[in-house]
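Positions annotated as transmembrane segment by TrEMBL: 24-42, 63-87, 107-134, 155-176, 196-217, 296-321, 352-371, 391-408, 428-451.
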Amino acid sequence: MEAADYEVLSVRQQLFHEKVRECIISTLLFATLYILCHIALTHFKKPAEFTTVDDEDATVNKIALELCTFTLAVALGAVLLLPFSIISNEVLLSLPRNYYIQWLNGSLIHGLWNLVFLFSNLSLIFLMPFAYFFTESEGFAGSRKGVLGRVYETVVMLMLLTLLVLGMVWVASAIVDNKASRESLYDFWEYYLPYLYSYISFLGVLLLLVCTPLGLARMFSVTGKLLVKPRLLEDLEEQLYCSAFEEAALTRRICNPTSCWLPLDMELLHRQVLTLQAQRVLLEKRRKASAWQRNLGYPLAMLCLLVLTGLAVLIVAIHILELLIDEAAMPRGMQGASLGQVSFSKLGSFGAVIQVVLIFYLMVSSVVGFYSSPLFRGLRPRWHDTAMTQIIGNCVCLLVLSSALPVFSRTLGLTRFDLLGDFGRFNWLGNFYIVFLYNAAFTGLTTLCLVKTFTAAVRAELIRAFGLDRLPLPVAGFPRASRKTQHQ
């Protein structure tokens with residue numbers, strides 16, 4: 001064998017080893033995410049649905065839970081996709097020839113983007129509809145009962161749904177571009193699925209536009225409930241005494257219902273007692289909190305939230321100015337570029353860390369806003385009390401939000417890291433008017449939500465601090481006494 005053949009063989013071996021290494025790393029990463037998501041769903045699922053007398057229903061729910069775990073792992077991978085790419089680029093810039101990070105290269109990053117895109121399509125179009133139809137199926141009439149009969153019915157329903165959705169998308173593409181619709185019939189995998197996913201991603205981006213400003217405003221109240229607030233113009237001992245006195249009075253009224261001539265609503269009294277007990281527990285927690293936790297933790301947390309929110313709004317405003325001045329700031333695909341050549345932040349590694357923190361912060365805010373909105377509030381999961389259909393709905397919504405996060409972050413200009421793989425093939429990303437109006441709408445909605453939340457919070461705190469919330473309210477049906485009657 002000649003020297004040239006040895007060189008060709010060594011190159012092939014090197015490519016083979018690189019592919020094997022990428023497959024192993026991708027498998028380990030996904031397995032880690034899968035285990036974490038399985039632990040999370042186990043704590044939220046309803047145990048009664050998996051320990052029923054009917055073994056068939058329990059088996060169906062277990063299969064559906066595994067599909068939900070896969071979907072949630074893909075959603076978590078989509079959330080980590082852009083931060084992992086940004087950090088990897090900075091690591092390659094800082095240590096370009098380090099032996100221990102040779103596994104971290106552009107091929108691996110591109111492969112992860114393509115896998116997330118593929119699994120997102122698979123989960124949204126096939127796995128989650130299959131899981132829902134599988135839990136609701138009972139088998140065809142006259143067929144043998146069992147899990148296999150449910151599988152047949154689910155497959156038939158899924159095929160009909162797939163044909164319906166694909167037909168609707170084909171009609172929509174024919175209306176927009178007749179030539180594109182013909183191409184989609186000839187090239188299903190390379191054109192039709194990315195085109196269908198672009199609609200889903202656009203829906204997720206619109207959902208993020210609504211949920212993220214609401215979540216940014218709600219983050220302050222949620223953090224205030226989790227942390228201990230400082231004592232400003234209030235007496236905790238007096239509040240504890242009043243709470244205990246009211247609880248004792250209600251308990252005595254429940255124990256002696258015949259001692260009062262008015263009809264009593266026992267259910268309402270029990271709810272009031274539970275509310276007072278929860279209030280007393282919170283007051284006890286605030287009283288036992290240390291001075292550092294009470295006077296330093298809460299202000300620092302509020303300051304961090306304020307800085308992150310203001311920084312996000314400032315970056316989006318700067319991006320709007322860049323769009324008006326130069327259209328080069330438009331998001332675009334990065335198919336041919338490689339990692340480790342240039343930093344995607346003007347501040348270097350420090351700016352990259354800020355980008356990652358902002359991306360995670362906006363994702364958490366969008367989830368908080370999603371579950372705080374009146375339309376999706378009923379979908380909020382409960383600890384050990386979430387039905388299987390509700391888990392499926394949560395996984396679908398979280399996957400739609402998380403898979404749209406890279407497009408959302410790039411559209412707002414939070415990072416200059418361009419979209420990789422099929423994420424950069426969305427046609428509407430190149431429309432200047434859509435991108436500009438999206439940035440303007442995000443800035444306006446965020447400012448409006450923050451102003452409304454802060455004014456309401458300041459007003460509520462002043463009322464509570466001065467004790468105006470404890471003033472007696474007039475009872476309906478009883479007119480106020482005149483000054484003469486009060487004097488007598």
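Just so it is clear, glycine is given a Cβ too, placed from its N, Cα and C backbone atoms.
Cβ atoms under 8 Å from those of the transmembrane segment (391-408) belong to residues 41, 44-45, 64-65, 68, 71-72, 74-76, 78-79, 81-82, 116, 120, 123-124, 128, 131-132, 135, 200-201, 203-205, 207-208, 211-212, 331, 359, 362-363, 366-367, 370, 376, 379, 381, 419, 423, 426, 429 of the same chain, restricted to positions at least 6 beyond its ends. The list of residues near the transmembrane segment (296-321) in space but at least 6 beyond its ends in sequence, with Cβ under 8 angstroms from a Cβ of it, reads 216, 219-220, 223-224, 227-230, 329, 354, 357-358, 361-362, 412-414, 436, 439-440, 442-443, 446-447, 450.
Of the two recorded stretches, the transmembrane segment (107-134) does not lie close to the transmembrane segment (428-451), with fewer than three CB pairs under 8 Å once pairs fewer than 6 apart in sequence are set aside. Listed as Cβ neighbours of the transmembrane segment (352-371) (distance under 8 Å, sequence separation of 6 or more from its ends, same chain) are residues 79, 82-83, 86-87, 89-90, 207-208, 210-219, 222, 308, 311-312, 315, 343-345, 377, 379-380, 397-398, 401-402, 405, 408-409, 414-415, 417. Within the chain, the transmembrane segment (63-87) has long-range Cβ neighbours (under 8 A, six or more residues past its boundaries) at 29-30, 33-34, 36-38, 40-41, 45, 50, 109, 112-113, 115-116, 119-120, 123, 127-128, 130-132, 134-135, 339, 344, 352, 355-356, 359-360, 363, 388, 391-392, 395-396, 398-399, 401-403, 405-406, 409, 415, 417, 420.
With a cut-off of 8 Å between Cβ atoms, the residues of this chain six or more beyond the transmembrane segment (24-42) that come close are 65, 68-70, 72-73, 76-77, 103, 108, 111-112, 115, 391. Within its own chain, the transmembrane segment (196-217) is flanked in space by residues 117, 120-121, 124-125, 165-166, 169, 172, 309, 312, 362, 364-370, 372-373, 400-401, 403-405, 407-408, 411, 422-423, 425-428, 438, 441-442, 445-446, 448-450, 452-453, which lie at least six positions past its ends and keep a Cβ under 8 Å from the stretch.
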